[in-house]
Amino acid sequence: MTKQESLLGRPQQVRKNYGSTEENSPNPYSLRERTDTESDIFSVRKDDRDTNNLFLSSPRRSRLFVNNNANGDDNNTLNSKHSFWDVVPYYMPCFVWIPTYSWSMLFGDIIAGISLASFQIPLALSYATSLAHVEPLCGLYSLAITPFVYAIFGSVPHMIVGPEGALSLVMGQTIEKIMSHNEELSSVNLASIVTFIAGLTLLFAGICRIGFLGSVLSRALLRGFISSVGFVMIINSLVSELKLSKLLQETPGHHHTAFEKVLFLIKYGPDNYHRATALVSLSCFTILFAIRYAKKKLSKRFKWVIIFPEILFVVVLMIYISAKFDFKKKYGIAILGDFNSGSFEGLINPVSKENRSLFSILYSVGIAVALLGFFESTTASKSLGGIDNSTVSSNRELIAMGIMNVGASIFGALPAFGGYGRSKINAMSGAKSVVSGVFMGFITLFTIRYLLPIIRFIPTCVLSVITTIVGISLLEEAPADIKFHIACHGYNELIIFTLTFLTTIFYSVDVGITIGCVYSLLYIVKRSAKSRIQILAKVEGLDHFVNADEYHIYHHTISSSDALNLEHFKDCLVVKIPEPLTFSNTEDLKERLDRLERFGSVNSHPGSKDIRSRETVKYVIIDLKGMTFIDSSSVQILKEIITEYKERDVTVIFTRVPFNNEIRFRLQKSGITDLIMRYDRSMINGTNPNPSIDGQLPDVSGDEAYFPNIEEALQAIEIL
């Protein structure tokens, strides 16, 4: 059997030993790929030993490469220069969809835009008045202006941008505190500054290409934040639904947190609530909840039911009843009233001298809004990207969101971001492109220009009820997530969820998300600082190596009767480092190597009694397959480890070092290659039985400093 045939045959034999049904795969490459994946779980097989030789000399090598010059094109695509107009569509995706836009797409976008405006306009009013504590026009301008900007710079066709309840609440808690101490400040200016800071933060992050940070925040953190925001929204809305806002301001003491407001409602609510307002609130809540329940039941049979605008229906109904029966004068029910448009007569300069003095107060909430908005938009964009199989660039979305909010700030608008719920409804309504958001913006501008005299009759308690419905929807998915993590013993996720939720309830939204982020980062650092070094042993009767610790645990807990004996190596440790080495985990690597020498396992407690002497170890084989990166600090520590071994007359051998120029360059320049046993092919083949005097194999070129596999390293040790 030739060397190439043996390489193709061994994976089949290994799979047979594990009971695989795929004994005769027609594609040896796919079979080999699957067995390599299987080895990453707890084993390193012998058939991987010739990886280096296969790469350098195998006849199959030609199949691994594509001839870039097959068509006679000598140009290197990677080095070719792009013209200005080739790059523009990447940063301004509107140049991609405008040339291909058709009349057939227009109809679907118009219908989707009308459907979105029917419930987004009332929500924007609700977020501005009930959550952000700013003028209603701040919410409307956010919904009207930002879709036009996103249509130019946004890359997700179905994404709909606008004000978000959670972010409006974050703003509202800060603005409420500031306004309570200085009523002369303009809430519109405060909203403009926060939106500007958030936009500038996002724009800077996009230019610096740090969109990868969206992967740092876990889903459990997001769920805890969203659930806590939903709870806070319900409590805040309940104050307005019972017409207790004025009493809340006049009551001695501060009632800013959700917990404090719960205590306020328990103490003052039963004796001071306004009956007419409470009755209207309860009626609207019942209608909305009933329609939502009916839509959920009927949507499986009738798809069009999902776009029925129940919020618009309730708002129009209450506007009519409020104007007809004069709610404010006859029943004392507060209505939205005339809009204060004085602050919107001209454009706002968020960086004026007067506004710059407020940056020190508002920068933290602006950054928090940017972080949360980006995370929510990223979640939505990745989910929506699967609808049309498009790829989404987080950095491009950061730039789009940044420009969008910086532009919206000059109108005094609330921060706007993409939302998954409304974007999903947009797609289900027949939207074909970002033009649906543009039509929603046009309808919102039309409302601002012509329909404000009608909107003024909306009872404020109705807007609070809408906020309550949104808050309940944010809480709906929490029980399922909690149940899932309990079943999977995801205690870390439960800790993040609980910590974020309780901190938000007892303190504030921004403190809650800060604590949650800090805990998540500490957890990530802890996991990355833990080395995943493995001690390898050979399975008796088989030609592959396994992680000894995991092998024993697996067969002890699953099927101990089928376990095969492991062959350990006298005077020799075989360890594998299947991970990148950085300054964070190399120190732990040093400690675990010491633990291996003393106890024979990385899982032993460092305070345990030594079961073996360090003097018994004469050889250490370090397998580096899986190491994709090593930094200079790690190389320095690794050299110290090898130097210490050399001082104890312990021979170190490196096997399967990756063909990574950076890794090999640093190992060579650091002098590590001069401290380890070098590979001599002729000696392994038996042509040179005499090793060098100092116990090292004869020196060869730098490319031959590493052994191609573990078995040849063991053969060299036997010769010594």
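Cβ coordinates are placed from backbone N, Cα and C, and glycine is handled just like the others.
Features of the protein shown, as given by TrEMBL:
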- 1-37: region 'Disordered' (REGION)
- 14-28: compositional bias 'Polar residues' (COMPBIAS)
- 87-104: transmembrane segment (TRANSMEM)
- 110-128: transmembrane segment (TRANSMEM)
- 140-161: transmembrane segment (TRANSMEM)
- 188-208: transmembrane segment (TRANSMEM)
- 220-239: transmembrane segment (TRANSMEM)
- 273-292: transmembrane segment (TRANSMEM)
- 304-323: transmembrane segment (TRANSMEM)
- 357-377: transmembrane segment (TRANSMEM)
- 398-421: transmembrane segment (TRANSMEM)
- 433-452: transmembrane segment (TRANSMEM)
- 457-475: transmembrane segment (TRANSMEM)
- 495-525: transmembrane segment (TRANSMEM)
- 562-717: domain 'STAS' (DOMAIN)
The transmembrane segment (304-323) versus listed stretches 140-161, 433-452, 457-475: most Cβ pairs under 8 Å: 457-475
Closest-packing stretch to the transmembrane segment (357-377), where packing means Cβ pairs under 8 Å, from 87-104, 140-161, 273-292, 398-421: 398-421
Segment-level pLDDT (mean, integer) for the domain 'STAS' (562-717): 78
Distant-in-sequence neighbours of the transmembrane segment (495-525), which means Cβ under 8 A and at least six residues beyond its ends: 166, 169-170, 173-174, 216-218, 220-221, 223-225, 227-229, 231-232, 256-259, 364-365, 368, 371-372, 478, 481-482, 485, 584
Selection from 188-208, 220-239, 457-475, the stretch that has most Cβ pairs under 8 A to the transmembrane segment (110-128): 457-475
Stretch with greatest number of CB pairs under 8 Å, the transmembrane segment (87-104) reference, 220-239, 273-292, 398-421, 433-452, 457-475 candidates: 433-452
Any contact, the transmembrane segment (398-421) to the transmembrane segment (220-239), with at least 3 Cβ pairs under 8 A: no
